[in-house]
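Chemist: A single structure is presented below for examination.
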């Protein structure tokens, strides 16, 4: 305390902080990026292991041999679907009853906030069909779910056939201690969301649906299956859920274990997993897989039906059968045996999966990075904001000291004059208008789509995207002159105080985001922190302006799309990237209103107004 209370020592500390601030900021930022890149290399990446004792062994004998029956179900389902042009509800009911299930249906409807041009739908109505296999060895207190999504543009007939064949096989076994729900949903994720809301008796998205007539126990785990062919060369697993949620790592380990037991080739992010991590090739491919997972998780989209189950504390995965030009082929029997093994081990659970990690990154299926090892990367980046805020606070304090303190004389300092004051009133206008711009960006695109379509020759989805871009661009012109309506005393201290507030605001937002969705928090910090630290009204203003624009939230989204395609080895041209960017904007707004994805409100109500504060600092006069 003596160091801070003694004026001489305090001023010496302030001079030290001011002198070393720039090199410390550079060192901290480089350390954050280097730490992140090192996550794919041992010892930061560790081998996966099973934490749940009830699933620690694969000593179960899979007996599923219903490959021909599954193919027969798939052919009949595809024929009836082509004939009816929609989900063949009546045929599914008959098929499920024929294998001994309790069969129920659920109708639902949803009017989207604006037409979804990607899937060509606006007024959506459909029917979900599900059958329940009651556990013969226990009361209906717990259950497992096997679900197959059926969209209007998807070919998932083989998955439906395998689901029905597995239901018939499971019906003949007596060891089940949990109910098993076999669910076929219409309209992909919309049907899944409607069924989950009705099952848990909630309505969080405005879905209109009929109540469920049949229920099982509390859902412990779920597996979503997507197959487009009778044979597969690999099974690709998807873990990223709504708003970056991830399933318990033990469920992923269980999938990998049974794939290895059955000789199935399993992939993550569509990438084969190298076993040799002693050479440089393994970590480099692991880094590529890690970056793909980070970009997927940062989007906040539910990348499969499992992503909606995670909201309800149900551990879930989506498995996709890939039929490529690889040499080895596997039929539906091999896939069915892997699913049978997984459900038999999940049947042994005495409590929910909880012993393994819920926060992790995956450079490979056999390796993971825990939260304690990847959080320092974000911490180093956020430290830059803290150092710059400390520097500004020191400069504000030094500029406002009284004459006695400046002369190192004892006694209290006289009150600051008006010219020495920070002028907090001058900060009110930029703060309020920046937040108002963010609120307009969040509300007006959907609210004003019909007005835009009446005055301009555009469709509703195009109107939403164009309104988004117009408001976003208008924010560059409006706020940076707002401080002039207030007091202009001590202008230097005014922009310093505004930047101090903006730095603290940005650090709090990025810190909270990184705790729940590390990938999103890290990407935003890696792009926004340098511009936030460098921005000031003096110096090369055009360079600072270009840097701010290139690191804005919209530019970060555009750059992430190009990076994603590069990592997928499918690079885009500028025109293709721009079109994909416009589609991503529309889908982001739509998924927020349809499923509750939080990326759009986070950017519009939080980070965009904060970014406008730095834009205001740059043009402060």
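Cβ atoms are placed via backbone N, Cα and C, with glycine included.
Bear in mind that the values here come from a model prediction, so they are computed numbers and not experimental data.
Per TrEMBL, transmembrane segment is recorded for 20-41, 357-385, 422-444, 456-478, 498-531, 543-564, 570-590, 597-618.
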Chemist: Residues of the same chain, at least six outside the transmembrane segment (597-618), with any C-beta under 8 angstroms of its C-beta?
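Modeler: Hits for the transmembrane segment (597-618): 242-243, 299-302, 430-431, 434-435, 437-439, 441-442, 472, 475-476, 479-480, 482-483, 495, 498-499, 501-502, 505-506, 509, 513, 520, 524, 528, 531-532, 535-537, 541, 544-545, 548, 552-553, 588-589, 591.
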Chemist: Give residue numbers and ranges for long-range contacts of the transmembrane segment (543-564): same chain, 6 or more residues beyond its ends, CB-CB under 8 A.
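Modeler: For the transmembrane segment (543-564), the nonlocal Cβ contacts are 291-292, 295, 298, 472, 476, 523-524, 527-528, 530-531, 534-536, 571-572, 577-578, 580-581, 584-585, 603, 607-608, 611, 614-615, 618.
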Chemist: Please work out whether the transmembrane segment (422-444) lies in contact with the transmembrane segment (498-531), by counting C-beta pairs under 8 angstroms that are 6 or more apart in sequence and asking whether there are at least 3.
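Modeler: Stretch pair touches.
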Chemist: Take a look at 20-41, 357-385, 456-478 and tell me which one has the most Cβ pairs under 8 Å to the transmembrane segment (498-531).
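Modeler: Comparing 20-41, 357-385, 456-478 against the transmembrane segment (498-531), the winner is 357-385.
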Chemist: Report, as numbers and ranges, which residues of the same chain sit near the transmembrane segment (456-478): CB under 8 Å and 6 or more residues beyond its ends.
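Modeler: For the transmembrane segment (456-478), the list is 114-117, 433-434, 437, 440-441, 444-446, 448-450, 549, 554, 582, 585-586, 589, 608, 612, 615.
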